[in-house]
Amino acid sequence: GRRQDAMWERRTHARILVSDADAGCIIGKAGYDIHAMEARSGAHIKLSGRGRPLPGTDRRVVLVSGLFRTVMDAAELVLEKLFYLGDQVIDAEATVVLVVPDACCGALIGKGGEVIKSLAEESNAGITVSPYDICYGFHDRLVTITGHLDNQLQAIFLILSELLDDVRYSSSVASLSFPSSSVRYGGDGQDEHVERYHSRPDTPVRSPDYDSHVQGTLTMGVADEYVGAVIGYGGRTIQEIERVTGVQIKIVKGEFIPGTNEREVVISGTREAVDAAEAMIMQRVSDAAKGRRRQQGGGGGDRRPVKEVE
């Protein structure tokens, strides 16, 4: 019955960590198994290349993206590959690890841990979030889920449901670069599903000697309908963000991030300035989304291509 809910038709994604051996099981000979899972679920499934683990771990990343219902179907198929060999159970209580942006974890945990405790109770699974002072990739944290397969799937469903309205989560997929490249896997030829994962730059661990003045670049995605709100009338909003934070912002012109309706927004500057600019952009997008919901689709915004690049 829940398949009729509007939430099932919204776009989302999940990142799951797997070992090299598990990645091989997911891909299958010449990519047969991963193709089959995509066909059955309707989701897109990508893996980071061998030798390119998530920084701070020894695990590869499985990125599942698409409509919520297809992502859940694909997650079930992927986990079944890890839990079962045919009808035989390999590990009845294997651990599943999701990768979630640090910025989203506060809401996921809740005040005093209330939210994550309720998710654990509802799913009957163990759910823990890695410590705040240790980040993986670039400002990512690990959400570890334990329990039986059905309980873990329920936990994944509840976690993704919590994150569905968080624009920081939906936009974070744009910063995950799986650029096209031919990577051989196990001598089985080339598979377009196996691509090199590049986490966002800089150190994976937030430490006392973290240097907020180091220069860096962040690429994020903004839905096309909200780009006008980020630019502002005559470019005033984007110019104000640049003036206040000291960053440079470019919005890629004329093309979407593959598989989305989002445009690439590239922010360059010190880490501290980039973080501040990202927060300001997210606030503009959030305000525009709330205004659009209130107006039932009314009120557009100037979409002139200010400060965009080819």
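Heads up, the Cβ atoms here are built off N, Cα and C, so glycines get one too.
Caution: TrEMBL annotation is automatic and unverified by curators.
TrEMBL annotations:
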type     : residues : note
COMPBIAS : 301-310  : compositional bias 'Basic and acidic residues'
DOMAIN   : 10-83    : domain 'K Homology'
DOMAIN   : 92-164   : domain 'K Homology'
DOMAIN   : 214-286  : domain 'K Homology'
REGION   : 286-310  : region 'Disordered'
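Fewer than three CB pairs closer than 8 A are found between the domain 'K Homology' (92-164) and the domain 'K Homology' (214-286), and contact between the two stretches is not assigned (pairs 6 or more residues apart). Helix, strand and coil content of the domain 'K Homology' (92-164), in residues and according to DSSP, is 36 helix, 18 strand, 19 coil. Taking H, G and I as helix, E and B as strand and the rest as coil, DSSP gives the domain 'K Homology' (214-286) the counts 37 helix, 23 strand, 13 coil.
Mean pLDDT for the domain 'K Homology' (214-286) in the predicted structure: 84. DSSP labels the residues of the domain 'K Homology' (10-83) in these numbers: 37 helix, 21 strand, 16 coil.
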